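Feature annotations, reproduced from Swiss-Prot:
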- 202: active site, nucleophile (ACT_SITE)
- 228: active site, proton donor (ACT_SITE)
- 66-68, 73-74, 200-205, 230, 232, 250, 257, 294, 300-302, 313, 319, 398, 403-405, 415-421, 425: substrate binding site (BINDING)
- 113, 160, 163, 170, 206: Ca(2+) 1 binding site (BINDING)
- 130, 133, 135, 139: Ca(2+) 2 binding site (BINDING)
- 149, 164, 165, 168, 170: Ca(2+) 3 binding site (BINDING)
- 1-21: signal peptide (SIGNAL)
- 314: site 'Transition state stabilizer' (SITE)
């Protein structure tokens, strides 16, 4: 258990990190969290101190509303937070309040591409929506569905602006009532009545960036709005990703541009980096540099707008849609927690896999040395069995099976964190400060 003095110092670092623009995200759930006896919100409440002690600045929570699916990704009555399988509205508000008390922002998982209806119309089709309030907010009919979603619509709506979602009605986001009422709902989630600070946009491929911009700007100021834009990469005949994934990351960068660029809170999950890392750590670390000598994902082009991650509830957890090699997970964290971009830690790895101390140690190195989303990156080695990089001239990291890379470590650097297949060094001054902080904390606990 951290001492009161230690927690105060951590809170100060968190606030300084938020002020400087440095973000450490934490996905606070997995695909099976809804099964938790006693409620997931209550379980997570008991882990807030561990999360804050790891230097986290933002916690991503599951979809909060009533949903046909237990995980929350088939929402219906959006204002009904008491029908969530993760807990009650009061438990959610208490959790958010606890996070705020530690200087942590809460990210809502916003599922607005599609929506499930409560009632059938005269055709016998489920397309009459109930908002979850006594009044008419979000009480919609089939004319609020995209007309090319022929399974559900009555043919009067606008065409869909993005990819189809077959399992539920695709909402017509060009409809003025839809835009206004969804914006009002988001503002309610952001208000003191609930308390969310930021958005994760689920299945953002389902509607255009211009539509996303409406909701981002309509809820400004918002801490961040990170979009899930998961598209297939380019693959070769051997089934592995092509070396050049510029087209893949260009699509992500284009989305950021179209929602407002630098002036917008819009960000993207860096699926390009995720896909390249999945293969690179399996003895192909030469992939971690592009043709211009930069990182090959979105972090190589626009790191301030990239949220990097190792796995999430879809790619990992029990779904295993695109899992990171399980024996190399800490190599993934050594990469994202030392590199530019905005890293996101996954609940399973931190709590269930027993990696809490190793991950927290990497975050501490990052924050101690002032590494941020826009830090400079110098790639020193990119062989099949070893990747070495220097960040801001303050941190050097290595991943891969090769043990000895000592010839690349600059004078005055000392080992700060290490584990299976990874090592991180920092300059002596930072190492000395960390040791002094540890001695102070130890003395305070005596």
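Just so it is clear, glycine is given a Cβ too, placed from its N, Cα and C backbone atoms.
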Point to revise | Distance, residue 170 (Ca(2+) 1 binding site) to residue 319 (substrate binding site) (CA atoms, angstrom) | key: 24
Check your understanding: What is the total of other Cβ atoms whose distance to the Cβ of residue 130 (Ca(2+) 2 binding site) is within 10 Å?
Key -> 18
Practice item. Rank the binding-site residues 66, 200, 205 by the number of other Cβ atoms within 10 Å of each Cβ, and give the residue at the low end. Key: 205
**Study point:** In three-state DSSP terms, the structure that residue 415 (substrate binding site) belongs to
**Key:** strand
Revision key, fill the gap. For residue 164 (Ca(2+) 3 binding site), the close binding-site residues (Cα within 10 Å) drawn from 66, 113, 133, 170, 206, 420 turn out to be 113, 170, 206
Point to revise | Rounded inter-Cα distance in Å - residue 135 (Ca(2+) 2 binding site), residue 206 (Ca(2+) 1 binding site) | key: 28
Exercise for review: Using Cβ-Cβ distances, find the residues under 8 Å from residue 415 (substrate binding site) that belong to the same chain and are at least 6 apart in sequence, listing them in sequence order.
Suggested key: 423, 424, 425
Practice item. Between the Cα atoms of residue 228 (active site, proton donor) and residue 66 (substrate binding site), find the distance and write it as a whole number of Å. Key: 21
Exercise for review: Measure from the Cβ of residue 133 (Ca(2+) 2 binding site) and count the other Cβ atoms within 10 Å, all protein chains considered.
Suggested key: 15
